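As recorded in TrEMBL, the features of this protein are as follows:
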type     : residues  : note
TRANSMEM : B:12-39   : transmembrane segment
TRANSMEM : B:59-90   : transmembrane segment
DOMAIN   : B:68-274  : domain 'ABC transmembrane type-1'
TRANSMEM : B:102-123 : transmembrane segment
TRANSMEM : B:153-176 : transmembrane segment
TRANSMEM : B:197-227 : transmembrane segment
TRANSMEM : B:255-278 : transmembrane segment
Amino acid sequence: MTDNAKTGIGKTAVTRRTVLAGAAVGTALLSMPSIVRAQDKSLKVGVYGGYFQESFDQHIFPDFTAATGIEVQSISEPTGEAWLVQLSQAAKAKQAPADVSMMSQVAMLKGQAIDLWQPLDPAKIPNVKNLLPQFVNKYPDGRIAGIGAVSWYITLVTNTDVYPEAPTSWTALWDPANKDKLGLLALVSNSFLLEVTAKTFFGGANKLDTEDGILEVMQKLAELKPNVRLWYRDEAQFEQALKSGEIPMGQYYHDVTGLAAADGNPVRSTFPKEGGILDSGCWAISSASTKSAEAHVFIDYMSQPKIQATLSRNVGTAPTVARSVTDLTDDEFASVSSDIAPIIPRYDLYQTKSDWLNQKWTELIVAG
Amino acid sequence: MRPEPPRRIADYSPLAFPAVMLTVFFVVPFGIMVMVSFFRRQQGGFYTPDFVLESYARFLSTFFGGVLSFSLGLAACVALICVIVGFPFTYELARAKRWVQVSWLVALLSVLSLSEVIIGFAWSTLLSRTAGISNLLVWLGMMDKPVALTPNFGAVLTGMVYQAFPYTVLVLYPAMARLDPTLMEAARTLGSHPLKAFLTVVVPALRNTIVATFIMVFVFALGSYLLPQLLGRPQHWTLSVLITDQAVYQSNMPFAAAMAVFLVLVTLSLVGLALLVGRKDAAT
């Protein structure tokens, strides 16, 4: 409106009256509550850059703004813990580069240690009742630190040209026939191979309760090293090699593999009988954010079964709510998840024993 | 044409700007890094200001000693190969026709414009089983079936030499271009074989340039962290890779800083040693 008034003044033939009228209309419009709110209500949301951010910008944020009147500015955040470092440094200076961020579980625990997350009020998030229990992240004293945002599976992936038959078990990683054919994630805290080994060979994650148990699991894991061609940090590197058949087997993200297969690439993702690895990200509010009310609205909106189903269909993530409350068809559900009980990572280990684990892990895979 | 040596403080004023820049963008960040390396690591959190030696203590182990020696050895290999290949190459280049020189320099400069990521991915494709050069050899009938030439030490070395070679040539080129051609002519007139003249006249005449080039490429190669990951196995990861792991993935800044400080100190002392040896040689 003010723009109109300005161009009005610019015209020579304009009368004082029209200018005044224009200004009056402008003032009236500005004073209407809905417009003031639309300008005030905004939220900076941090999501993993690249594919996630594009998908959210396209499928989620516009609908959210339409439904609630809150403008979303999406912030691209790096994966890994770099974003946690930035958020905590900024919070010390009372700044919030993003009000709400999607954080990994390990980052959630590390943020809890320094009280980085604003406790969430469940009364303002009625849809919290829909969530599966593992998706409510709590401080040790019971305050809610974060709410499950999206979850995704890491599964056993293969190139269909090289492996006409899909493998059925994680034990395929140890099969001597697969020498020099695997691509595995390089870090102890993102590959979750300790959990996989514990579940596959030692009856479950309880084996990881003691350091002796962990070392035993690592010894078992050392046996598959001759099969590993690539320990990757960079996802694109493995994805490319998997598509071409250069590295025909490995662990990778179920959703991205599904998209690659849909594009006609000869790849497949298999849920092994021991279960896929279920990893997830949480929404958490930085302690420096002043937009707590809007952030609660956002988190509540995202926890609706309808929105979780939209995410599954458009982004390929597994729902954070029980399948029964969504309207996902069998096929849609199978493309993002599985009824086989998942391997849930022992995130606690990566916080309490992170340095020890990292040291042992690095020695394990670097040793020739 | 010798400029007057500076006499008054004001004569040093042109140095002020670079000095400030160097302080702000190098000395201060480095100082912060040294400071952080003494901070206390909080496992599962970040770090608190303190003065503890635990990060250095963790580094002093045979494991990290091995990684450090590998990194130094790798960088030395890269520097050596670059100088051995680059020296005769630049010698010929400096004597070639103008347009030949320009085309080579443009080609080499364009390699410089490639990022480490592109170089790494390009070489991993070139050396791959499915799309690499071994397919060409199969087609020519020189091999039975295509093989993967990566990941291994040779692939890492190839990628890093490729990346460092343009720097080598660019550092050697000015000295080569200035080299007095009559030196070679005199040697040839006195009946020396060209190869012998090259080795006994040109190489000693440019000894300082060679040492300087070697050191520069060595330091450049020491910082490489992407190529060893893309083209090597875990045992070929350099210390820089582990520093990145600690800083980016483990958020263990004190340990990452301690490793980086250690790497800088070792590098500086090696460079100092090389210069010292060079000076002694020159004196005798």
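Each Cβ is built from the backbone N, Cα and C atoms, and glycine gets one as well.
Nobody curates TrEMBL annotations by hand; they come from automatic prediction.
With respect to Cβ pairs under 8 Å, the transmembrane segment (B:153-176) is most closely packed against B:59-90, considering the stretches B:59-90, B:102-123, B:197-227. Contact between the transmembrane segment (B:255-278) and the transmembrane segment (B:59-90) is supported: at least 3 Cβ pairs lie under 8 Å, counting only residues 6 or more apart in sequence. Highlighted: of the candidate stretches B:12-39, B:59-90, B:197-227, B:197-227 has the greatest count of Cβ pairs under 8 Å to the transmembrane segment (B:102-123). For the transmembrane segment (B:12-39), same-chain residues at least 6 beyond its ends with a Cβ under 8 Å from one of its own Cβ atoms are 6, 47-53, 55-56, 253-254, 257-258, 260-261, 264.
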